[in-house]
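One structure below.
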Amino acid sequence: MTTTVSPQQTTTTPPTTGSAELPSVAEGAGVWTTGPRGALLGLGIGAVLLLVIAPLTLGGFGLDLLGRYLCVAMVAVGIGLAWGRGGMLTMGQGVYFGLGAYIMAMHMTLADTTLEGETIPTFMRQNGVEQLPELWGIVQHPVVAVAAVILVPTGVAGLLGWAIFSRRVKGAYFAILSQALAAAFAVLIIGQPVLTNGSNGLSNFHSLFGWDLSDQANRTVLFLVVAAVLLVMLAVTWQLYRSRFGELLVAVRDQEERVRFLGYDPALIKTVAYMIAALFAAIGGALFVPVVGIISPADIGVVPSIAFLIGVAIGGRSTWLGPVLGSIAVSFAGTQLASAFPSFWVYLQGLLFILVIGFLPGGLASVLGLVRRRRSQGANDDGGQAAGSTTAPVSSEQEATR
Amino acid sequence: MSARTTVSAVLSLVAALTITGCGQRYDPQAEAAAEQVPQASCVDTSGDTVKVGLLNSLSGTMAVSETTVNRSLNMAIDEINADGGVLGKQIEPVTEDGASEPTIFAERAGKLIRQDCVAATFGGWTSASRKAMLPVFEAQNSLLFYPVQYEGLEASPNIFYSGATTNQQIIPALDWMREQGHKKIFLVGSDYVFPRTANRIINAYAQAHDMEIVGEEYVPMGSTEFSTIVNKAMASDADAVFNTLNGDSNVAFFRQYNAVGLDPETMPVMSVSIAEEEVPGIGVDNIQGQYVAWDYYQTIQTPTNDQFVANFKDRYGQNQVTSDPMEAAYTSVYLWKAMVEEAGSFDVAAVQEAVDTGEITYDAPEGEVTVDGETQHISKTPRIGQIRDDGLIDTVWEAPEPVVPDPFLETYPWADSITGA
């Protein structure tokens, strides 16, 4: 990442001096959020690592693991948008992750059943069902299934978001509401064993759109698709953050009333951001199913919904790459540490979350920002009131006051 | 614009990969044929050790129960190692935490098989964890030994079920209740797969045997509100209650059951998820005199069991108890040893072939058990127990001989509606 502040960055930095409790956009501006050159570089490095180096160096198992991390990271990208930029602490992304995942799982179960010459899935037969429920029949066609993965969660989020935000529900009330939603959704799934196979969840998939999932070549392609989708999401968020919408979103987060007085509708802006976050979570969920091979209520309830947040908070929720890097790091640490110290990891995760929220609201990205600021201040002290003093010191001062 | 270029670059890359991808289409017929060919495994048996995986929840809600299973697995391995190992090789356990989550179970199973290259894996508790692991073991063609009683309706060539299936626990319990003259049964259970399947079996059984189900109630997992259900049970005029509640719910249920004046004499409760391990948590006072159905109790008098209980107490403390799943897990390690020795190899196909002979037996703490070559379940002796005032369980009835496992209830005509046959 560049250490000099480019003109674009100063122009994209909105005047958010009023906010004290939330890290502003500029906090991560020079660190994880960059101009076009930096963004291209970041995406380029990501693309080389994920699309070339990972498939060449990791074995089948390692690739599956990384694929799971990337699916979870997609949810994190959405949370970064809704929570980091929009100030909506959404503790119920499991709902949208689950919707995407279950739609995909239903389609895959049905496709396998058809290929195996049966009419209804085994678990339904064992539940005494003789005819395929209509809800399942809808997603039989792959195109419909993919469309449903995109439209259903976004539609649900649109309706819910509008209902919530137009009533000006925000802050802790929104957080509690979203969490209750996740709890209710998990209970709903468990309570419908005939439709969802209850707490056992859906698993034992053999094919995806006809491709054999036990074939390593197919699995590698699947991983590449997952990685590419994540990169596209990052490109989209980068573009969003620089757009007028992105600036409005931050403005709504920091001073909702002022935005309203300026003639914008904050509810609309927040609903759109919430819908995008839901869409990313749903796509993550839909890809999670073929990669991991199972979806169960344990993956979508309150606990996983909160777990999605941890990586985002640690990485730096308002930054561009913070959520995705934080999420991948937490997933990786989880796999590594949980084997060695089972209970310890749960406590460490909780402790990290508390520490970051309490003392480092900008996440680890803000530590890098701090280091960079120190360095640039040091450079200025050495250089005295020389040539660069009109631009650089101002920007670093601005950052320091936030 | 850079973002657009990136997007198009990435998309074209994906398109190129998808088109050039030389993957296979899925074909179930070809798949079935391919299963004859043993898959290449990375299990290394060239040294003087052989690795096995222990996959239990050491954290999360199931940790209390599954840690005890992990202990008895470790004990069995140490005993076998002290006795010379398997085929002259020392067993090297690799422990992984399933964290009480099906997805984690599936992932760690993959790690044990593909990264640690274990010859077999022991573990799992909830049906959800087993269902999650099943495709992993089938795809990688490895072996799982699952030690807990469950709802049946499953048989995988890659899984050995050393706990009871329904015809070794639920059906004998119903037979016994009918013998005792209990005609009207009230059902209460946690809302998940095992209780729902068990109750469907119980309903079908009742219909065929002139019994009446006077109530069927479910509560969410972990629920502690039972006043309505207990009152319904009391008002239903039932002869007995069949309880498939799990975990903490039992504490609240029995406390409220006793509070309204119901007891083992007026309306006995038959439980299928409460073993020695769970009794102290529920409180002996709350549950003393009630009935349970399992295949093993700590009080069983066999020389192997005396040894098993004594060793366990020596190892983990005199106040420790042994329960059915712990015994089934312990037994599963010895069964694996017997299979490998019969096969003369750790190879999965060779082990499966050895099992097909139907001659793999082991003199377990619960009595002699035999692995059924067809279903991969084991024949076990069902026992009805009554909880004593010290929290242990006395056998009040036991089957005259081990019952052959029938996970799909094929030998019970009244069960056709359940199995979808």
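Keep in mind that glycine also has a Cβ here, set from the backbone N, Cα and C atoms.
No curator has checked TrEMBL annotations; they are predicted automatically.
Summarising the annotation, TrEMBL assigns compositional bias 'Low complexity' to A:1-17 (among others).
Annotation comment: TrEMBL describes A:377-388 (among others) as compositional bias 'Low complexity'.
Taken from TrEMBL, the feature compositional bias 'Polar residues' covers A:389-402.
Per TrEMBL, region 'Disordered' is recorded for A:1-23 (among others).
According to TrEMBL, the feature region 'Disordered' maps to A:377-402 (among others).
The list of residues near the transmembrane segment (A:39-59) in space but at least 6 beyond its ends in sequence, with Cβ under 8 angstroms from a Cβ of it, reads 1, 66, 70, 220, 223-224, 227-228, 230-231, 234-235, 238, 320-321. The transmembrane segment annotation in TrEMBL covers A:39-59 (among others).
Positions annotated as transmembrane segment by TrEMBL: A:65-83 (among others).
Annotated transmembrane segment per TrEMBL: A:95-115 (among others), in sequence order.
The transmembrane segment annotation in TrEMBL covers A:143-165 (among others).
Sequence-distant neighbours of the transmembrane segment (A:172-195) (same chain, 6+ residues past either end, Cβ-Cβ under 8 Å): 88-95, 98, 102, 124, 127, 129, 133, 135-136, 160, 164, 297, 300-302, 305-306. The transmembrane segment annotation in TrEMBL covers A:172-195 (among others).
The transmembrane segment annotation in TrEMBL covers A:221-241 (among others). Cβ atoms under 8 Å from those of the transmembrane segment (A:221-241) belong to residues 25, 33, 39, 42-43, 46-47, 50-51, 54-55, 63-64, 66-67, 70-71, 73-74, 77, 80-81, 85, 208, 211, 213, 276, 280, 283, 287, 290-291, 320-321, 324 of the same chain, restricted to positions at least 6 beyond its ends.
According to TrEMBL, the transmembrane segment annotation covers A:267-288 (among others).
TrEMBL lists A:294-313 (among others) with the feature transmembrane segment.
Long-range Cβ contacts of the transmembrane segment (A:320-338) within its own chain (Cβ-Cβ under 8 Å, at least 6 residues beyond either end) map to 28, 32-34, 39, 42, 65, 68-70, 72-73, 75-77, 79-80, 84, 230, 234, 237-238, 241, 308, 310-314, 344-345, 348-349, 363-365. Sequence annotations record features per position, and here TrEMBL assigns transmembrane segment to A:320-338 (among others).
Annotation source TrEMBL lists transmembrane segment at A:344-371 (among others).
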For the transmembrane segment (A:65-83), sequence-distant contacts whose Cβ falls under 8 Å of one of its Cβ atoms, 6 or more beyond its ends: 50, 54, 58, 89-90, 93, 97, 222-223, 226-227, 229-230, 233-234, 237, 240, 249, 273-274, 276-281, 283-285, 287-288, 291-292, 308-309, 311-312, 315, 317-320, 322-324, 326-328, 331-332, 335
Cβ-Cβ under 8 Å with the transmembrane segment (A:294-313): same-chain residues at least 6 beyond its ends: 72-73, 75-76, 79-80, 83-84, 89, 91-95, 97-98, 101-102, 104-105, 178-179, 182-183, 185-186, 189-190, 198-203, 281, 285, 288, 322-323, 326-331, 349, 352-353, 356-357, 363
